[in-house]
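Now, the feature entries from TrEMBL:
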- 9-16, 56-60, 119-122: GTP 1 binding site (BINDING)
- 182-189, 229-233, 294-297: GTP 2 binding site (BINDING)
- 3-167: domain 'EngA-type G' (DOMAIN)
- 176-352: domain 'EngA-type G' (DOMAIN)
Amino acid sequence: MGNLVAIVGRPNVGKSTLFNRLTKTRQAIVNEQAGTTRDRQYGKSEWQGKEFSVVDTGGWVVNSDDIFEEEIRKQVVLAMEEADVILFVVDVMNGVTDLDMDVADILRRSKTPVIVVANKTDNNNLQYNAAEFYSLGLGDPYCVSALSGSGTGDLLDLVLSKFRKEAGELIDEDIPRFAVVGRPNAGKSSIVNAFIGEERNIVTEIAGTTRDSIYTRYDKFGFDFYLVDTAGIRKKNKVNEDLEYYSVIRSIRAIENSDVCILMLDATRGIEGQDLNIVSLVQRNQKGLVVVVNKWDLVEDKSVKVMKFFEDAVRKRLAPFTDFPIIFASALTKQRIFKVLEAAKDVFQARMTRIPTARLNEALLPVIEAYPPPSNKGKYIKIKYITQLPNTQIPSFVFFANLPQYVKEPYKRFLENQIRQRWKLSGTPVNIFIRQK
Ligand code: GDP
Ligand code: GDP
């Protein structure tokens, strides 16, 4: 299970600089795959072979000029609820401020481990200044310079040592894991209740491994899957519900622990920025996607034409990834909610698809012959052989070519679409690699 590190602190102490420092290498790779730079506040980090997520909670504040104490307080509370380790960043050049003290007052009650990061320690003399951070009552301050990177290696060692020990996973890996995600009020709890109903006996809660229970087993009506909890689903914290970015942070863990994400949209509101952030998280974690246009009961004109209009609009907003099922449903009337589960099941299957090498070559080589990659600098590019990589999270295909560097994005997309159409891979991301033969 993924660990989550949250960065908190008042403005200008260097949170986003530290975030960039911790996520740098990984970020580049991830961005290349998903083609997005939207959510710079969320990233993956890797240290000593261990991968974990980092969130700059301050980065989610839409207008940082308007930042006020209450907002920071809420971020800190959220980090305490959601993260495995909190990095409390302070500024060695400025020393302790009132706002630092306020944050520390909250953090001292935290059950989540807190590390005081004395940032901007650009030289040894500044280290002596850090001593004043003992007054925060949160243990040893850790001196780093996010700008130069000095001290960040030791900091990461410390972060790793604070992660909870992973208990053996109690869940059955062959059974799909679905997460219901979306903005507040999209209908997440309603649809989960519609699935589970009052019949609490049909579900088994699995005791959490590194966190409180996160998987709920559902085994009825021919379905067998785990519902992966978004923290918000069961214990709604009304204080935070009004702030949309909380829904994104809350979704991170559920998305990371799922195979397929069911994104709930509110038909009466359409797609907004937070939906795009969530979709981006789904893609960057290479999870399957089903989009539910919920509250369909509230839409008066339910004609095919209107549905088509909705569908096109959704796909256009979520481009370049457009090949996923869209279900028009109502959690309230339960219209088509089982279709949602069917779709999620199909996407799970698509994710697991294994195509024999012979099939791939039989089907695709003639198409490639008929529509070869455009020649580059007078050089003729030939794809000779295709195979699917074994043991990957999502279907991943390698095309062996004489001059792989000349096969460009549009042609890769063409190849991907050929595979998608032929083998019905709707809802799952697909990797296409071109390698030297
Ligand atoms: P945030 O508001 O907490 O996210 O802070 P930023 O990351 O935006 O940094 C605020 C300012 O502090 C920027 O001008 C940074 O370049 C600067 N800064 C961040 N880390 C360091 C550091 O380690 N040393 C120095 N000298 N400046 C830093
Ligand atoms: P969550 O914040 O995403 O968990 O959303 P909730 O499940 O709490 O739903 C928010 C509000 O929308 C509640 O008042 C629900 O009764 C209402 N709601 C949810 N799904 C539907 C639906 O399909 N149709 C209608 N008319 N209302 C719905």
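Numbering starts at 1 and runs along the chain as it is shown here.
Here the Cβ of each residue, glycine as well, is placed from N, Cα and C on the backbone.
TrEMBL feature annotations superimposed on the structure.
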residue : record             : contacts (Cβ under 8 Å, 6+ apart)
N12     : GTP 1 binding site : D91
T57     : GTP 1 binding site : A6, I7, V8, Q41, Q75, V76, L78, A79, I249
T121    : GTP 1 binding site : V92, Q127, N129, A130, C143, V144, S145, S150, G151
N185    : GTP 2 binding site : D266
W296    : GTP 2 binding site : A267, K302, F328, A329, S330, Q335, R336
Among N12, K15, G182, W296, the binding-site residues whose C-beta sits under 6 Å from ligand 1: N12, K15
Other CB atoms within 10 A, centred on K188 (GTP 2 binding site): 25
Distance-selected binding-site residues near ligand 2 (C-beta under 6 Å), from N12, K15, N185, K188: N185, K188
In three-state DSSP terms, the structure that K15 (GTP 1 binding site) belongs to: helix
Rounded inter-Cα distance in Å - K188 (GTP 2 binding site), K15 (GTP 1 binding site): 31
Rounded Cα separation (Å) that holds between G182 (GTP 2 binding site) and K15 (GTP 1 binding site): 26
